[in-house]
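Okay, structure first, notes after.
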Amino acid sequence: MPSTAQYLGFVVASLILILIPGPSVMFTVSRALAYGRTQAVLTAWGNAIGTFAAATLAAVGLGALIQESALAFAIVKYAGAAYLVFLGVKALRDRKGLMAGPEDEAGSPKRALATMAEGFMVGMLNPKTILFFLAILPQFVNAGGGSATVQMLLLGATFAALAAACDTVWGLVAAAARDVLRRPRPRLILARTGGTALIGLGIAAAAGERA
C-alpha cells in the first residue's frame, strides 16, 4: 500500500483538482436547481462511480490506449463533449422540474436511477480524467507496497470519494438556493444558466487537445 506520506500527498493533489469547478460540478448544480437536493446527491455519487470506473481503466492499463491512440482519444473526447452538450440542451428544455415543490424532488426510483446514470456518464466520458489518473496515480504508488494495480484502485477510490463529497456540497448549496427561490422565473434563469454552461463545457471539451 502507499505510505502515509504518499497517501496524504495524493489527497492534497486530488483536492486541488477537485475544488476547481468542472463538468461534474456544473451538472450537479443544474440537477439541484431543477429537482432539488436528493437528485443533486444522486448525481454527485453517480459521477463518483463513473470517475472510479475511469480510474479502474487507468489502473488495469486500458487507459494507456487512450493516451497512445489519437483515434481512441478522439472517440472518447467527442463522445464526452456531445454528452455534455446533450445534457445542457436537456436542461434548457426541461421546465417540469422547475415547477416541482420540495416534496416532488426525489422523483420515482426510475428517475433516481436515470439521474445516477447521467452522473456516471459525465464522470466516465472524460478523457482528461483518465489521462490525469495515468499521469498522477503512478507517482503515488509505493514500489515496495504490493500490487501497483491494487494501490492505484485504492487511490482512484479515494479520489472518487473526495469528488463525491465536494460535489455533494455544491449540490446542497444550489438546492438551498432553489428552496429560497420559490418563484419559477428565477429558477428558470438559474437552470438555463447551468444548461448554457454545460453546453459551453462540451464545446470546450471538443476543442481541447491532448496534453
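Note: Cβ is positioned from N, Cα and C throughout, glycine not excepted.
According to TrEMBL, the feature transmembrane segment maps to 6-29 (among others).
The transmembrane segment annotation in TrEMBL covers 41-64 (among others).
Packing against the transmembrane segment (70-89) from elsewhere in the chain are residues 23, 27, 30, 118, 121-122, 125-127, 130, 195-203, 205-206, 208, 210: each is 6 or more residues past its ends and has a CB under 8 Å from a CB in it. Among the features that TrEMBL reports, transmembrane segment is placed at 70-89 (among others).
A Cβ distance under 8 Å defines the sequence-distant neighbours of the transmembrane segment (120-141), meaning residues of its chain 6+ beyond its ends; these are 2, 6-7, 9-10, 13, 17, 23-24, 27, 46-55, 57-59, 63-64, 66-67, 73, 76-77, 79-80, 83-84, 87, 148, 151-152, 155-156, 159, 163, 205, 208, 210-211. Look at TrEMBL and you will find 120-141 (among others) tagged as transmembrane segment.
Under the heading transmembrane segment, TrEMBL lists 153-177 (among others).
Marked as transmembrane segment by TrEMBL: 189-208 (among others). Away from its own ends, the transmembrane segment (189-208) comes close to residues 22-23, 26-27, 29-30, 33-34, 77-78, 80-92, 94, 97-98, 126, 128, 177-178, 181 of its chain (Cβ-Cβ under 8 Å, at least six residues beyond either end).
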